[in-house]
Amino acid sequence: MVKNNKRKRVVIAMSGGVDSSVAAALLKEEGHEVIGISMQVWDYTRFTAEEGEKFDTCCSLDDIHDARRVAEQLEIPFYVVNFEEEFQNLVIDDFVNEYLLGRTPNPCVRCNQWIKFELLLKKARGLGADMIATGHYARTEQDADGRYRLMKGVDPAKDQSYFLFTLTQEQLAMTLFPLGGMTKQEVRALAAGYGLRVAEKGESQEICFVPDNDYVRFIEEERGKQLLSGNIVDRKGKVLGVHDGTYRYTVGQRKGLGIAHPEPLYVLGVDAARKEVTVGPRDALYSDGLIATAINWIAPTPETAIEASCKIRYRHHPIPCRILPLADNRAEVRFTEREKSVTPGQAVVFYDGDTVLGGGWIEHAVNTKTAVSHE
């Protein structure tokens, strides 16, 4: 787990959950100088839960209190840093903008990219830290040539490498993932063994700043109800109905279309500029590949096409594909077999076995008849 056996000053990102708490305990047990930091990124007073209800998210004030108590139990220094403004500008605004542009964003990747492994890393350096650590289920290894590899966590049900594809070599060199070689069951057992008060705490399920999972309400609270109402059309452009806003729809969606039709209809595409939602039968959801932008290669950048596997969403089994690097930091990905619901705005992550090669953001799906510019 640790890059070498020397005692290091390590800043651990503590969410108040069982994973980061056990990671902190493991680092302390290994003899490192551990500093706990919780990031305050969101004002939870904006939401009021029903009596007896608790939102399944991370990073709330209750979670920060849990993290503080764990740090006290472990006898490590603990700080809270306020990143609310940065989180709003870098994560929330991006989330809302993507939906308004007709795409389906992944804010957890953006949070890792800009908050945890950018701002927190800078804060850690300011504290004189040698490394940062998180409770992610992922692994790193250093090759003989000094290059770092990002790898899947050994627990396939918990692997979080998909969310970390934006990491750079510099960031990987300063990052520890103490839980990467463990299963969730083993982590909970360790938490109980350490006597941590969060040993039985539930897991966060929803996006932290949308605790009730109502994206439409959140977007309208952020920006007001958008004037993006328009037509629902079939693949030939025939109007089948109307909608109240393109941001209410995502590729693959079936419910909430409000259209009477002899066969089930699914969202095939969202065109915010035209204010159109295109629908069609289930088999029309399948694509031959995709174009990805803003590619980050963790492995050396390939000069020609490579055979690999890819995931087009988090809970997606890696599928065989051929990746062709294009100009302007783009790539064309061709699947061995047609794949369902390629969704613009989501991340596509490339793998070679357990190793993350890199990844990018899905621009659009590609079908055999789709012209692709390789310029």
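Even glycines carry a Cβ here, placed using N, Cα and C.
Here the structure is a predicted model, which means the values were calculated and not measured.
In sequence order, Val41, Phe87, Val91 make up the list of same-chain residues 6 or more apart from Cys111 (active site, nucleophile) whose Cβ falls under 8 Å from its Cβ. Residues annotated as active site, nucleophile in Swiss-Prot: Cys111.
Swiss-Prot lists Cys208 with the feature active site, cysteine persulfide intermediate, giving sequence analysis as the kind of evidence.
If you look up Swiss-Prot, you'll see Ala13, Met14, Ser15, Gly16, Gly17, Val18, Asp19, Ser20, Met39, Gly135 marked as ATP binding site. Take the CB of Ala13 (ATP binding site) and look out to 10 A: across all protein chains shown you find 24 other CB atoms. The secondary structure of Ala13 (ATP binding site), as reduced to three states from DSSP, is extended strand.
According to Swiss-Prot, the feature disulfide bond maps to Cys111-Cys208, an assignment based on sequence analysis. Of all Cβ atoms in the shown protein chains, 22 besides its own fall within 10 Å of the Cβ of Cys208 (active site, cysteine persulfide intermediate). DSSP assigns Cys208 (active site, cysteine persulfide intermediate) to coil in the three-state reduction, placing it in neither a helix nor a strand.
According to Swiss-Prot, the site 'Interaction with tRNA' annotation covers His136 (among others), on the basis of sequence analysis. Its Cβ taken as reference, His136 (site 'Interaction with tRNA') is surrounded by 25 other Cβ atoms within 10 Å in the chains shown.
Residues annotated as site 'Interaction with tRNA' in Swiss-Prot, with sequence analysis given as evidence: Gln346 (among others). DSSP gives Gln346 (site 'Interaction with tRNA') a coil state; it is part of no helix or strand.
Asp19 (ATP binding site) counts 27 other C-beta atoms within 10 Å of its own C-beta, drawing on all protein chains shown.
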